[in-house]
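**Q** Below is a structure I'd like to ask you about.
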Amino acid sequence: MNPLLLILLGLAVGALTGITGSSGVLVVVPVLTFLGYSFQEAVGVSLAIDVITTTSVVYAYLRYGDVKLRVAGLMGVGAVLGAQLGVRLALYLNPTPLEIAFSLFAGIMAVVSFRRSIKGVKLDNISKVRRGWLALPLSICVGVLTGTLGTSGGIMFIAIMMMIYSMDVRVMIGTGTLAMLLSALSGSLGYAISGNLDLATSLIIGIAALGSGYLFSKLAHRLRPSIIYASLGTVFVITCLSEVIRLIRM
């Protein structure tokens, strides 16, 4: 495997996570499967990279005070529980209805993100919680999707906060990234135990993403919220389209 290609991949993953708080799975899994890795190996590497990358991203957002620890812990625990449930449900459920629902939801959140990018968001109080009790059950649903479909939890945590919390977009990204760190750690351990984790590849990509993620996290704090929302909308569009393509190929 060409180390330079893996390093470039890591730099791209770090940029994606640092600015939008989304998982590198959207980039890593397609590239690695194209390079000959099995799907399980690619997902395992992607989760391990998420663990490495999010440590620097979370650190950067913590320095700016843009992480709600309680909310992140609540969503992280919910996602871990949901993922364990999802793995078991995957043995019995037809995944097609879930994939359709997931793609529709991602499409709706893309519209919401672009709308916020254009019209802006009025925050009554950045720490004000609206229907905060929904964070746990919704995070469990994210975990179920991760366990059954192998979908990325990172961007979905931000979607949850967009729906139920009144927060600055940077706080949502920092908080969602910490929640993703917790869920990715659980998932990567599972793949490591099953023997589907290429440690060398994970380290090469992850170390490159570590530095890139920190730098782009700092850049995110210099960008206007409208640009960040537009970036989130783009990620939601890509997520939606990737699910649609997967459905067509089934």
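Easy rule for this one: first residue shown is 1, then count along the chain.
For all residues, glycine too, the Cβ spot is worked out from N, Cα and C.
Keep in mind it's a predicted model, so treat the numbers as computed, not measured.
For 43-62, 69-91, 97-114, 134-165, 171-192, 199-216, 228-248, the entry in TrEMBL reads transmembrane segment.
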**Q** Would you confirm whether the transmembrane segment (43-62) and the transmembrane segment (97-114) meet the contact rule of 3 or more C-beta pairs below 8 angstroms, pairs 6 or more apart in sequence?
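**A** Contact criterion not met.
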**Q** What stretch in 134-165, 171-192, 199-216, 228-248 has the biggest tally of Cβ pairs under 8 Å against the transmembrane segment (97-114)?
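**A** Between the stretches 134-165, 171-192, 199-216, 228-248, 228-248 has the largest tally.
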**Q** Counting only pairs 6 or more apart in sequence, are there at least 3 Cβ pairs under 8 Å between the transmembrane segment (69-91) and the transmembrane segment (199-216)?
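**A** Judged by the Cβ rule, the two regions do not touch, with the required three close pairs absent.
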**Q** How about the transmembrane segment (171-192) and the transmembrane segment (134-165): at least 3 CB pairs under 8 Å, pairs 6 or more apart in sequence, or not?
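**A** In contact, yes.
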